[in-house]
Amino acid sequence: MKNIYDSSNIKILRGLDAVRKRPGMYIGDTDDGSGLHHMVFEIVDNSIDEALSGYCKEIIVTIHSDNSVSVKDDGRGIPTDIHPEENISAAEVILTVLHSGGKFDNASYQISGGLHGVGISVVNALSEKLELIIDKNKKKYQQIYRHGKPENPLSIIGTTDTTGTYIRFWPSYKTFTNNIKFQYEILSKRLRELSFLNSNIAIYLEDNRTSIKNCYHYKGGIKAFIKFLNAKKTPIHTHIFYFRSTKDQIELEIAMQWNNSHQENILCFTNNIPQKDGGTHLAGFRSGMTRTLNLHIEREGYNKKNKTTIIGEDVREGLTAIISIKIPDPKFSSQTKDKLVSSEARSVIESLINENLIEYLLENPSDSKFIIQKIINAAKVREAARRAREINKKKSILDLGALPGKLSDCQENDPKFSEIYLVEGDSAGGSAKQGRNRKNQAILPLKGKILNVEKSKFDKMILSQEVASLITALGCGIGKNEYNIDKLRYHYIIIMTDADVDGAHIRTLLLTFFYRQLPELIEKGYVYIAQPPLYKLKKGRKEKYIKNDEEMNTYQIKNALKDLVLKSEDNLIINQKLKKFKKIMSEYHYIQIIMKQSKHYFPKLVFNELIYHNHLHNLKDIEIVKEWIYTLAENLNKKDNSNNHYSIEIKENLDKNIFEPTIKISRYAHYTKYDFKEEFLKSKEYLLITNLGESFKKYFSDKVLIEKSGSTYKIDSIKNTWKWLIKQSKRGLFIQRYKGLGEMNPEQLWNTTMNPETRNMLQVTIKDAVSANNLFNTLMGEAVEPRRQFIENNALKAENIDV
């Protein structure tokens, strides 16, 4: 067979075909969701460019219920006149021709994020359908595209007094085969960033799938961004370092503040586009800052006694910083703009950071002292850790020659097929060791209380026995000098902890450890969370395992509503009402769950009474509100057999000109208030509750009997009927709630949690590093106030607390 390679093998991809053939070159990964969301950002970036030129004040991004996304701005509107070279409208040129746009002409945009002129045409190429509406020159224009091709020329569909551009697109299922669902959190993160970077713009994000709406309009700019990022940390100095300056046509804006953590968080932007891989602006910032602070430390004599060498990582420990540059002709490493390669940016930033940082340090001596002290302490800790590593080199805790004694290793040598289970305690570790597949499953038991790596310094952390065992077992090392991912011994690192409070605590600590110290393991998808069952059900010889409370709820409903017969009082079967009865009972059960998770929390007795209480529609009439809340309190006082007493209050909301009732529950000298805010009284939850009561009264006001498992019950209230059904469904059923993995024997643990054929595992990913960072700080950091607030907001929703 001849292998001919000649001119016939050379393919020319014209128009937008190149984009469809190699979409990853233009928007990034099309499988993991990043490329999908990048489509939205390409359109938003065009609107931001209008804002940078002073023509746009408002951007509205909408996720529609059919999973399309629209972006609307009030800029000048895309040009609609006929292009002199292409003989079609300029709008059509922009949407169908690669490397076209107004950003190559310096008169239209002095500064822009667009470099290659491919953004919006790429979105068009990778969309099943795209709708374009332009408001310009008192006219409203429209054009529809399918798979990048126009259905018809740009046409006038009406008149308007506004200007702007509206683009709505439906992503192509052929391109985005694995992930076609937009995530609100990812879009929210980017739009929030843009609002901080452009304090003169209001950006709205609406999700029609869930009715969530947000407006991002941060007038404090990047200083407000720093406050947002440091909200759950403890800053070590008061005044945020900030400056804005221009040199050689490059505008630089920097804000930064140190906190008491040990990690750096530096975000880089060029013309509002984020660079996750940094680039020349980050390099200039780092070198300029290290040099400037070293000079200041030397001049002021801060380091006379110890003569510790200060390096870049010492300077950046606990630093939160925003670097935002505006540059006329930015150069990036790729269309996704993840790395800036404009060489001129480095020298400009080095120079400007030197001038402004020295000025800040001299003008703020108190802040300067705290910053320098932190830097010197960081250097001392680093040096101490280095010396400890050198002294213990031969028997280093990181040396793979001596694996931890508690590790039961596997036989497999290829990390791609090797699993390590990080198990809580020796008891569970014993069951896991006996139940595992020795060929490729290793077990490492960890003590109940491992070190809080969020609060601990690096040298203290690596000397902790539990962390040391973990690092040794993984084999990849830790820290800049020791870490090597190629030496990782397992590509499946599975956290397997109990379902109780201690288990959740240890799981959080381990996730903190991986997130802070070995983030690449999470980024590469090597970290998993095992999903052992929470319940075991047994009836006769049959056994069933249930994974979580949600699955248990579904099982309970199904079991409670199975094999029912409805009868009238004279024993006639009336099963025509059975379907409605099951619907009411299911809704009651689910409303209880919804209310527990909702921010509108009320005690069970109040919740159950609301079902039968009439719907409160009118909050403007105080007499109606008074009658409603008075009757509710009166009924509660009659039905509550405890020492609780229910009284009422009515608060006037002057802003809205309405009256909002409050129920006050007193018990001896203590009382708790529950407000019925307008937000709740207009919510879906409240409507569901009152509709449920009305349906029950309508269908079951007559005397109806229910029969199940040979027993009969006279229907009186939803609550009592549901309790009876649950009780009947549990007859002969043994329910065991596992508090610990040690309660399972090896065979059960294998069948439910470790067998690749039957197990469920959660892969740990960090979609939004900033939000994850804040969550870890809230739960694990030293600042008490944010944690207290978190506990107060969530305590009432807590279930299954072990006392």
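Placed from the backbone N, Cα and C atoms, the Cβ positions cover glycine too.
Record features (Swiss-Prot):
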type	residues	note
BINDING	Glu424, Asp498	Mg(2+) 1 binding site
BINDING	Asp498, Asp500	Mg(2+) 2 binding site
DOMAIN	418-533	domain 'Toprim'
SITE	Lys449	site 'Interaction with DNA'
SITE	Asn452	site 'Interaction with DNA'
When the pLDDT values for the domain 'Toprim' (418-533) are averaged, what is the result? 80
I'd like the Cβ neighbour count for Glu424 (Mg(2+) 1 binding site), meaning other Cβ atoms within 10 Å of its Cβ, all protein chains included. 26
Test of understanding: give the count of other CB atoms lying within 10 angstroms of the CB of Asp498 (Mg(2+) 1 binding site). 25
Using DSSP and three states only, what is Asp498 (Mg(2+) 1 binding site)? coil
In the three-state DSSP scheme, Glu424 (Mg(2+) 1 binding site) belongs to strand
